[in-house]
Each structure stands twice: as C-alpha cells, then as structure tokens.
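Participant: Shown below is the structure under consideration.
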Amino acid sequence: MSEIALTVSMLALVAVLGLWMGNWKIYGVGLGIGGVLFGGIIVGHFAQSWQLNLNGDMLHFIQEFGLILFVYTIGIQVGPGFFSSLRVSGLRLNGFAILLVLVGGLVAAVVHKLFAVPLPIILGVFSGAVTNTPALGAGQQILTDLGSDPALVDRMGMGYAMAYPFGICGILLVMWLIRLFFRINIEQEAQAFASSLGNQRELLHTMNVAVRNPNLQGMAIKNVPLLNGEDIICSRLKRGDLLMVPAPLEKLELGDYLHLVGKRESLENARLVIGEEVDVSLSTRGTELQVVRAVVTNEKVLGSKIRDLNLKQKYDVVISRLNRSGVELVAGSNVTLQFGDILNLVGRPESIEAVAAIVGNAQQKLQQVQMLPVFIGIGLGVLLGSIPLFIPGFPAALRLGLAGGPLVAALILGRIGSIGKLYWFMPPSANLALRELGIVLFLAVVGLKSGGNFVDTLINGEGLAWIGYGALITAIPLFSVGVLARMVGKMNYLTLSGMLAGSMTDPPALAFANGLHPTSGAAALSYATVYPLAMFLRIMSPQLLAVLFWAM
C-alpha cells in the first residue's frame, strides 16, 4: 500500500474508532467529538509500534484544513447574531466570559512559572483543560512561528489529551457544586427566567384601531407619519364590509378599521393619535385577501430594501412582518432583505403569487450550499489570519492565524449576509456536516501525532502531573467566576450554566445544562450569547501566553 493510501486508511480508522468511543456514556456524560482524539492516540500508538510510515506533509495539510473548516463554519453559524449579542444583557454575560478566560490564562501562567512546565506543554494542557481544539491549533502555530522545536510542538497534543477528560467532567462538577453551595431550586430558576424574559423581549404585537381623529379625515396613508415609518406596518384596512390592502395613496375616513403590526409601545402611541382600539375582526378568512409566507431565495433581490421592491404600488401587497433567523422584525421600508428571510405577505392570491416569484420562495434553495462564497470566505480568512500585528517589546508578531482569521472573516461575512448574488447563508445541516468533518480531521491528526509516546508519558513520564495542572486550570476559573456571577451578579442559575459552557466552548456541557430543565431555553440562550467572543479569546489567549513567556 502506498504511503498516501496508508495515511488515508489510518485517518479513516481513527475517525471510526474515535466517533464510536465518543458515543460511550457514563452517567449521561461522554467524550463526544473528543473521542476522535483518543482514537487517534490509540491508532498512533500501534502505528509506531508496528513502524508504519505515514505521510507527514499530508497529515499537516489535513490538520490545518480541518481546523479552518471547523472555525469558519462556526463563524458563519453565529455571525448573524454575534454583534447584537454584545448589547444589553449580552455585555454582562460576555464580561463574565472575558473574566473566566483571563483567570484561566493567569492560572496557566502561574503553573508554568511555579512548576517550570515547558511552554509547549503548558499551552497544550491549557487548551485541553478548556476543551478548546482551535486553541491547540493556534498555540502550535505561534510556537512554530517563534522557532520552537517541532518535536516539542507535537507534544502539545499529549498535554491536550491529558487535560481534556477533566476539562469535560470538571465543568459539570462545578455546575453541580454551585447548585449545591447555593441550594438552588431548578424549577424556581426556570420560572424566574421565564418571567424576566417576558419583561425584556420586545415581540411584535398586533392591534386593530378605529380611525376617530377628525384630523385624519381625507389624509393619505403615506402622509400619516406613524403609518409610514419604520416602527409600524398597516397591513389591512376595513371600510364597511370591504377588507383591503392599504395603498399609500388610500385616503383615511372616520370609522375605518386598521390592522397594525409593531412593538407594543409603538402601537400604543399610534392608538392615541388615530383613535381607539376595537375588538373587530380583520381576518382575511372569507375574503379575497390571503396571508402567505414566502422565503427570500432570489439572488436579484438580496441587499435590496423593501421600499425598492415597490410592492404596494405594483402588486397591492404588503409585507406585514419579517422573520430572520427566528427573530420577528417590523418590515419597515428601509429593511434590507437577506437570503432566508421569511416574509408575511398580505394581498390577493394572484398578486401574492407574483411577489413570491420575485423574492424567490424556492424552498429547495434553503438546502443548497453556494460553494463559491465558502471558498471566498476561507481565502479571505487565511489572508486575514496571515497579517502580522507587530507589538513593541514582543519577540514575534501576533497573528490571528489559521484558527482566528477564518473565524473573524466568517463572523463578518455571516453578519453581512450577502454581497450582490453571493450569499453566506449555509443550511444548518450542511454547516454541521462541514464543521464535524473539520474537527474530526483535525483531532484525528493531533491524536496520531501524539499517540506514539502517549502511554510512555502517562506511565513513566509527567502525564499525571499534567492532569493535575489541567484540573487546576479547569476548576479555579470556573468555580471563582461562577460564584462571583451568582453572588455579585445575581445571575440566574440556568443562565449561569449556559454562560460557563459557552465560555469553555463546550457542547457536552451545554447538553448537560439544557438537561437541567426540559423546557427552559435559558442555558442555550446564554451559551449562544458568549460563544463567539469566548471562541475568539480562546484562540488568541495561547498566542499571547506563548509570546509573553517565549523570551522569559
């Protein structure tokens, strides 16, 4: 068998064995995707024992490309909500996440100096203790740039593997200890979160209002500021027994009924100006009007503002609301359309059909991946990651690297959504497939490289000490920040659990946190809020530690 064929076969064997091991559960907790690392260690151990020669250049390429795929797809997934997550409560949650990362880096630095642990080893232990694989890749890259011994750089994977198991279990233990320490009642926490969410979330509401203000008599709808802004949509008008779509030039009459869509405060302001709220049905049932949902899939309208489509004048159709990534928005005239937006259309059937054709409404396109933007994004990310950042006094330039560059590029492109006919929307199933493929390839190679000396290091070397260092790096930041967030920040326990899982970028911990209460979405919401920034900081922190301690 050729060297390349043997290398591919070994990678496939590692993936099969590792994914199988990852499915093992002990009290509901498993290694998950981390099982691939240990599958690689096992195969790597026997590969060295049997003197099998694998292609080093091929392994290096697969490792780096797998890492790029993983971080890029993460960025595309969370990009649309990343910047908005930094507002309001997101600032508070991300503040604790930043503190947790800083404390973890501080503990790693203290262990490095106190116990004279070699820099590559402590960076590997640090990455494993926080269960962050891209951090391992970033640490290996910066050490290579600094001129570290390649053999020592490869030993980072062993440090990672030693610390990883307690990294997975340690966060679950900390969640349990905090719950025990504060005597927390999960049901009460879920009810408190639901109550606070109801007060904070600005959902869209509807209101039927009768025109009673004589000043509006004979005034065209387009001339009524409240009905022509960005906060309220007037989707239906009823005059007598006639229900119609209100055209901009339609003149209001006293006694008209308007169906308004918007936020509660805006609707109350409109009611005060227009007249009074009435309990009158403006349903389209039994009329010539329909309400139909259509999804934006036509590249020609991507980036267009709703007003540019001129739907009211041309087709007598109004967009009553817009759903983007599960969030309902007021369909104001200045809203820019993005791929995958779901529009609520109100109008006659033939008109709605024409508008649906304009916006696309091709459901099958939501399951297709536009590959050109994927490689444009990866290319831009690699270029961005290669830009050196020179800081006075540092022995080497900092770079976002192959882990940080594609992540930042994907976050920005995911937020932009589309440029011309190019769109960065990726179906969840495709995103998950590419992400899992990337992390499996990366971990498989790391495991293969580490496996040759793993058993000897664990039994005869410093493996047990590395496990202890990893336990300190895992537990101290989690417990200290968790207690601080609960005592000082008065943070809801379910929200706290999700924040801890997101700060560690740890999906198994999120699964555990979600299982604390079957119906509350508190943990998932806080996890998603802190995950993007935490991932970015996790990638940068080993680079900063490497540069700071390289010359010391």
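A Cβ is built for glycine as well, from the same backbone N, Cα and C atoms used for every other residue.
Pulled from Swiss-Prot, these are the listed features:
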DOMAIN    192-276  domain 'RCK C-terminal 1'
DOMAIN    279-361  domain 'RCK C-terminal 2'
TRANSMEM  4-24  transmembrane segment
TRANSMEM  26-46  transmembrane segment
TRANSMEM  65-85  transmembrane segment
TRANSMEM  96-116  transmembrane segment
TRANSMEM  117-137  transmembrane segment
TRANSMEM  158-178  transmembrane segment
TRANSMEM  371-391  transmembrane segment
TRANSMEM  393-413  transmembrane segment
TRANSMEM  439-459  transmembrane segment
TRANSMEM  464-484  transmembrane segment
TRANSMEM  493-513  transmembrane segment
TRANSMEM  530-550  transmembrane segment
Participant: Applying the under-8 angstroms CB criterion, which one of 4-24, 371-391, 464-484, 493-513, 530-550 scores highest with the transmembrane segment (158-178)?
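Facilitator: It is 464-484, which has the most Cβ pairs under 8 Å.
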Participant: Looking only at the domain 'RCK C-terminal 1' (192-276), what is the model's average confidence as pLDDT?
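Facilitator: Summing pLDDT over the domain 'RCK C-terminal 1' (192-276) and dividing by its length gives 85.
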Participant: Give residue numbers and ranges for long-range contacts of the transmembrane segment (464-484): same chain, 6 or more residues beyond its ends, CB-CB under 8 A.
Facilitator: 96, 99-101, 103-104, 107-108, 111, 115, 117, 121-122, 125-126, 128-130, 158-159, 162-164, 166-167, 170-171, 173-175, 177-178, 181, 458, 496, 500, 503-504
Participant: Can you name the far-off residues of the same chain, 6+ from the ends of the transmembrane segment (96-116), with a Cβ under 8 Å from a Cβ of it?
Facilitator: 122-123, 125-126, 129-130, 465, 469, 472-473, 476-478, 480-481, 484-485, 489, 491, 499-500, 502-504, 530, 533-534, 537-538, 541, 544-545, 548-549
Participant: Could you tell me what the rest of the chain brings near the transmembrane segment (493-513), counting residues at least six beyond its ends with Cβ under 8 Å?
Facilitator: 28-33, 93, 96-97, 100-101, 130-132, 167-168, 171-172, 174-175, 178-179, 182, 184, 186, 189-190, 193, 478, 481-482, 485-486, 520, 522-531, 534-535, 538
Participant: To the transmembrane segment (530-550), which of 4-24, 117-137, 439-459 is linked by the most Cβ pairs under 8 Å?
Facilitator: 117-137
Participant: For the transmembrane segment (117-137), could you work out the same-chain residues 6 or more beyond its ends whose Cβ comes under 8 Å from its Cβ atoms?
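Facilitator: Same-chain contacts beyond the ends: 34, 63-64, 67, 70-71, 104-105, 108, 111, 143, 148, 152-153, 155-164, 166-168, 170-171, 401-403, 407, 439, 442-443, 446, 462, 466, 469-471, 473-474, 504-506, 535, 538-539, 541-542, 545-546, 549-550.
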